[in-house]
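Colleague: A single structure is presented below for examination.
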Amino acid sequence: MSSSPDSPPILHRLPRVAIIGAGRVGSTLAQRIAEKNLADVVLLDIVEGMPQGLALDLLEARGIELHNRQIIGTNNYADTSGSQIVVITAGFPRKPGMSRDDLLRTNAKIVVEAAKQAIAYSPCAIFIVVTNPLDVMTYLAWEATGLPRNRIMGMAGVLDSARFETFIALELGVLPADVKAMVLGSHGDLMVPLSRHATVNGIPITELLDAATIERLVERTRNGGAEIVELMQTGGAFFAPASATSLMVESILLNQSRLLPVSVYLQGEYGLKDVVIGVPCRLGLNGIESVIELNLSDSEREALQTSAQSVQKNIERWHSTQHS
């Protein structure tokens, strides 16, 4: 329906993504989103000058990268107002010898505060949590915002699946894009790589690799983040996590309905309730359009339940510190 001459003009603002935390993951994600021409970006951090400097650096690359996306650096949550997607990457990274769970106490307060501030300015946004320990942080952000579960999720399974696919491709000497695999469960030592569903151009890897080799690749996937931390010594991975997050952002903003493993609040699926854990979901304009229940084997289902129990224990651990 066309508007009358006296009615106000209808403004179609470009989509905006707010990234809370301008560290290596956050700043690389800002670059990915802008250069894929997905949305304007607001990069927020508590360190004065840092997000502003990063935003200016990214702006100066626009002519070279052939896009015209706006990139704002700020220390003020008001500048994130009206974002379609909020990504929380703020928090301390792992150091050598640390597990993701070791970050619980330090990062929980950061994520809860970031979620509360961001939702106040973007009440209709979809939230993606990246901060570790991922599944617990996503649960706490869900509690802090009161959002329906379709609008809050964690990025873990996309990254873990990409690592599994990479290691399979390296072992077989094939193109990574030809490998399809899925990793469920928590983002940690108890993740559940689904080996029997992994394929190379439709051929199950069980027909290409022996059981011992597959188990070795599964273990390397479980330790994929720690391997990078040990090598770098000064932080963790950021290129692949940023790419994994940008894929989720793309599927939502472009309504691609991609089937991706993401951490989501479960309400009985897989026999699990009141826990956030990685399972296959379809991502579109509404965030999580649907949760997909796979027909897992007994051992896979048991591994997923063990993974969920670990997440629940950490949630309870955090809650106990708040009431003590």
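The chain as shown is numbered from 1 upward.
Glycine residues also receive a Cβ, built from the backbone N, Cα and C atoms like all the rest.
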Colleague: Where Swiss-Prot shows G21, A22, G23, R24, V25, G26, D45, V130, T131, N132 binding NAD(+), which of N37, N107, N150 is named for the same site?
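Modeller: Candidate listed by Swiss-Prot for the same site: N107.
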Colleague: Counting Cβ atoms within 10 Å of each candidate's own Cβ, which of the binding-site residues G21, G23 comes out highest?
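Modeller: Most Cβ neighbours within 10 Å: G21.
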Colleague: Just the number: how many Å between the Cα atoms of G23 (NAD(+) binding site) and R163 (substrate binding site)?
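Modeller: So the Cα of R163 (substrate binding site) lies 22 Å away from that of G23 (NAD(+) binding site).
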Colleague: Sort out the sequence-distant neighbours of V130 (NAD(+) binding site) for me: same chain, 6+ apart, CB within less than 8 Å of its CB, listed by position.
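Modeller: Spatial neighbours, sequence-distant, of V130 (NAD(+) binding site): V25, V87, I88, T89, G154, M155, P241, T245.
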